[in-house]
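Sequence annotations record features per position, and here Swiss-Prot assigns xanthine binding site to Leu20, Asn27, Lys156. What Swiss-Prot lists as 5-phospho-alpha-D-ribose 1-diphosphate binding site is Ala128, Asn129, Gly130, Gln131, Ala132.
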Amino acid sequence: MEALKRKIEEEGVVLSDQVLKVDSFLNHQIDPLLMQRIGDEFASRFAKDGITKIVTIESSGIAPAVMTGLKLGVPVVFARKHKSLTLTDNLLTASVYSFTKQTESQIAVSGTHLSDQDHVLIIDDFLANGQAAHGLVSIVKQAGASIAGIGIVIEKSFQPGRDELVKLGYRVESLARIQSLEEGKVSFVQEVHS
């Protein structure tokens, strides 16, 4: 997605050869117009897949997931990383390690919001080692729901997350695929479209 790549080039900050900071438009301050375009793009890519729910993880996955849900006309469920007094019944849980925060979290979704009748699109802001995606896959499977695919806003293709998910048979659609963050510069994977 060219608009997203331009935004990354203009506003993204390479903190190391492993970490890209995009807090000016995605995971702290949010650019609503860009999120709308991201939602439109995911909706276009999954329009014929019979999606009934979108599942994401708080907090940075929520904006692109909501915009996609708006376009597809389906509800969005987000996994919580923190305990809540209201989230107690029929919990679907998974452990997720955050590459950026270097911490492990227990994520949870109320089972009342997912069922074996759902066909789910998983959306997240980043894909690095795939831990968040694997956690969300686990939660969706616990509900007995099926998975249409995984939509990623920014993929770090030099890390193993995508390959692992594809090997497991999941369709992964990433809007910006980063090949490298070496020498303080963002290099994108050159995609060949037929």
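Any Cβ shown, glycine's included, is placed from N, Cα and C.
Of all the binding-site residues listed here (Leu20, Ala128, Ala132), it is Leu20 whose C-beta has the fewest other C-beta atoms within 10 angstroms. Neighbour count (other Cβ atoms within 10 Å of the Cβ, all protein chains): 18 for Asn27 (xanthine binding site). There are 19 other Cβ atoms within 10 Å of the Cβ belonging to Gln131 (5-phospho-alpha-D-ribose 1-diphosphate binding site). Distance from the CA of Ala132 (5-phospho-alpha-D-ribose 1-diphosphate binding site) to the CA of Asn27 (xanthine binding site) is 15 Å. Across Leu20, Asn27, Lys156, which the record gives as binding xanthine, the greatest C-alpha separation is 16 Å.
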